[in-house]
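Q: Marked as active site, schiff-base intermediate with substrate by Swiss-Prot: Ser25. The pyruvic acid (Ser) annotation in Swiss-Prot covers Ser25 and rests on sequence analysis. Per Swiss-Prot, the feature substrate binding site maps to Thr57, Gly73, Ala74, Ala75. According to Swiss-Prot, the feature active site, proton donor maps to Tyr58.
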Amino acid sequence: MRRTFFKAKIHRATVTHADLEYEGSVSIDEDLLEAAGIWEYEAVHIWNITRGTRLQTYAIKGERGSGIICINGAAAHLNRPGDMVILATFAELEEAEARDFKPTVVLVDRQNKIVAKDAVEVPGPARRVTA
């Protein structure tokens with residue numbers, strides 16, 4: 001039996017742009033995509049910490065090293081520059097794969113620069129990035 005598991009996330013990223021006129025998707029700095037193991041055109045959940053909204057779209061490559069997180073298309077109504085978001089992906093795994101699987105968690109600062117990458121989530125305020 002296949003089950004759906006949390007695969008990766010870019011945690012507490014800052015939305016840099018919102019482009020209502022673009023066809024759709026979320027543009028993500030290519031450095032962040034690579035760090036999280038998120039592929040271009042992969043389904044991505046966007047959980048807006050600032051506004052409490054949630055949606056699903058797909059990732060496209062943004063300029064490497066730019067820190068860009070641009071919410072495109074209709075999703076721009078739900079996300080604005082300066083909002084803090086979590087970008088997450090999921091994967092379907094067979095039981096044998098899932099036993100040893102560990103998700104990737106990428107923590108970023110307010111400029112969307114990577115400050116940590118690991119596979120362990122620690123709840124609570126001690127883990128939060130405030131830089």
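For all residues, glycine too, the Cβ spot is worked out from N, Cα and C.
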Q: Using the centroid of the Cβ atoms of Thr57, Gly73, Ala74, Ala75 as reference, list every other same-chain residue with Cβ within 8 Å of it (recorded substrate site), in sequence order.
A: Gly24, Ser25, Val26, Leu55, Ile71, Asn72, Ala76, Leu78
Q: Roughly how many Å lie between the Cα atoms of Gly73 (substrate binding site) and the residue listed as 'active site, schiff-base intermediate with substrate', rounded to a whole value?
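A: Just about 7 Å between their Cα atoms.
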Q: Filter the recorded positions Ser25, Ala74, Ala75 down to the ones within 10 angstroms of Tyr58 (active site, proton donor), Cα to Cα, kept in sequence order.
A: Ser25
Q: Including all protein chains displayed, how many Cβ atoms other than that of Ala75 (substrate binding site) lie within 10 Å of its Cβ?
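A: 21, counting other Cβ atoms within 10 Å of Ala75 (substrate binding site).
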Q: Max Cα distance spanning Thr57, Gly73, Ala74, Ala75 (substrate binders), Å?
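A: About 10 Å separates the two most distant Cα atoms.
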Q: Enumerate same-chain residues with a sequence separation of six or more from Ser25 (active site, schiff-base intermediate with substrate) and a Cβ-Cβ distance below 8 A; give 'none' if the list is empty.
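A: Correct list: Thr57, Tyr58, Ala59, Ile60, Asn72, Gly73.
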